[in-house]
Amino acid sequence: MNGATWLSYSLQDFVMFGPEVFLRLFARINQDLWPWLLLWPLAGLVLPWFGRQAAELPRRLAMALAGLAWIGCGYLFLVRYYGPVNWPATGFGWAFVVQGLLLLLLKGRALPAPMTWPAAVSWWLAILLLPWLSVLEMPDLWALALFGLAPGVTVAATVLLFARQPSPLRWLLLALPLAWTLFSAATYWALGTFWLLGFPVATLVLLVVAFRVNPSPAQTPDSQSVRPGPGRQSP
Amino acid sequence: MLELSRRRFLIGVGLSGLAVASPRLMAAGSSAGEQAFHSRPIPSTGESVPAIGMGTWITFNVGGDQYLIDQRTRVLETFLERNGTVIDCSPMYGSAADVIGAGLDKLHAHDRIFAATKIWTSDGSETREQAATSERRWGIDRFDLLQVHNLLAWQEHLATLKEMKAEGRVRYIGITTSHGRRHSELARVMETEPLDFVQLTYNVLDREAEERLLPLARERGIAVLVNRPFQGGSLFRRFQSEPLPSWAGEAGVGNWAEFFLKFIISHPAVTCAIPATTSVEHMQENMGAMYGQLPDASQRRMMAEYVRQL
Ligand SMILES: NC(=O)c1ccc[n+]([C@@H]2O[C@H](COP(=O)([O-])OP(=O)(O)OC[C@H]3O[C@@H](n4cnc5c(N)ncnc54)[C@H](OP(=O)(O)O)[C@@H]3O)[C@@H](O)[C@H]2O)c1
């Protein structure tokens, strides 16, 4: 195709499903997984409590829970439910699963330092308030976008953890959330589901918050204690 | 796949000769009490198809959502009840083929349709494989029409489609474009290849096809499927709040859906317009355009002028 042909396409030409189909994905997955779906938001609620501990093990657990959330929304929401109506969602879904596995494998490099209170509060606000955005679009409680299942909420909350990682791991972990943010914003815009634009916007806001409330891990005293240095071997 | 019913046979054989001369004369009905509907002959065989078909881009891509699959089945049922047969799809349309297949299963309607899909792959050796996959998804033995989607790898696909037609694996072959893209290239294919169908965008605002492609289709005896008859729905968004012209009734137009569709199917080169909808009510409106009087050439000019002024 030449340049002129490409220019004749609009964003809407790339969206192959309607808003009703997309919004019903939230309700369908919640109804199909009821009551087990409650495990994900519960995990989301306790995650900052683990993340705030000084001991390393609970912080590893926090990262592992985040990993499970990524696997949950990658495989269930994106691959199983969203993929059949939108090809790129399947690719994103498997990438989410790989990112989740990466988080599980991170082990000792989990959270370099305990989560700060502002980060924890931002986290809770994200997973308690953002789910209602999909209900504002589709007035049905079943349509709640839950942490661990809905990608928008999961991505927005977990960037708070990824921004804590030392470079270059931080940027490796942030690449997919940023790609998803761009992709989902374009999709919601084209669908005309403007409330859902709150997910990508919240992700960017939380990213800024994360960088502001979390000084670079390399500069925090407690981060030095958990990061393996040249003279120190991790077990 | 379409099995010729007695009614369609009569329409096809008895009236196909008149159709080219005057689309108005092509309204046909089977028996007293049943309203006449407009159909058009496929020039390469003379077989008739109803002048309004059904597209499935976006509208039938509902994934595994059983509630929406049932709802789209009702849309399909309404289409069939109103004598629609031509259904257009593509492997590009996500789950649409599966949803059509589920609907046809439920309505036991596999033999009541004119099944049209596309070959959409840049791999020119995958034509047969993709057609077979689509047949399985629709639950049919063979397609009535296979089209090369958006001229993608058209040389390779068309060569295979010609073989498939010769073998009886498909009844008609064609090629598609949309949004007014690549008309010169499509014209070259129409001039040199033995096509049964072309599919292109034509509506009361997008009229580029009138210049070259529609006259060429008539000259070469190629049937024309018209996509984006409502410009993807934007014609309604722009004009639905406006009144119809005072002379609409004289042109056989009772609502905006009929205005847009009758404008298209009254063009003498057009075989069938394929609007898409998610709604039973809209399907009823759209199929309404297949009945009653059609605008003549001067009324068509007035229609185009009216929307241009709005
Ligand atoms: N390159 C290609 O081969 C190509 C490209 C484009 C399209 N196509 C084919 O052509 C078909 C038609 O084109 P399209 O789907 O892009 O656009 P279209 O048929 O021009 O417009 C579809 C839109 O019109 C709305 N609509 C339908 N009937 C209506 C009514 N009576 N009142 C109000 N709104 C109505 C539908 O909304 P509701 O759901 O609310 O009714 C839908 O949003 C496609 O589905 C596809 O099969 C092929």
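For all residues, glycine too, the Cβ spot is worked out from N, Cα and C.
Automatic prediction, not curation, is the source of TrEMBL annotations.
Predicted, not measured: the structure shown is a model, and the values here were computed from it.
The transmembrane segment annotation in TrEMBL covers A:33-50, A:62-81, A:87-105, A:117-135, A:141-162, A:169-188, A:194-213.
With pairs at least 6 apart in sequence, the transmembrane segment (A:169-188) and the transmembrane segment (A:33-50) have fewer than 3 Cβ pairs within the 8 Å limit; the two do not touch. The stretch from A:62-81, A:141-162, A:169-188 that makes the most Cβ contacts under 8 Å with the transmembrane segment (A:117-135) is A:141-162. Sequence-remote contacts of a segment are chain residues at least 6 beyond its ends whose Cβ falls under 8 Å from one of its Cβ atoms, and for the transmembrane segment (A:62-81) they are 25, 28-29, 33, 40, 43-44, 46-48, 50-51, 89-90, 92-97, 99-104, 106, 110-111, 115, 147-151, 154, 158, 161.
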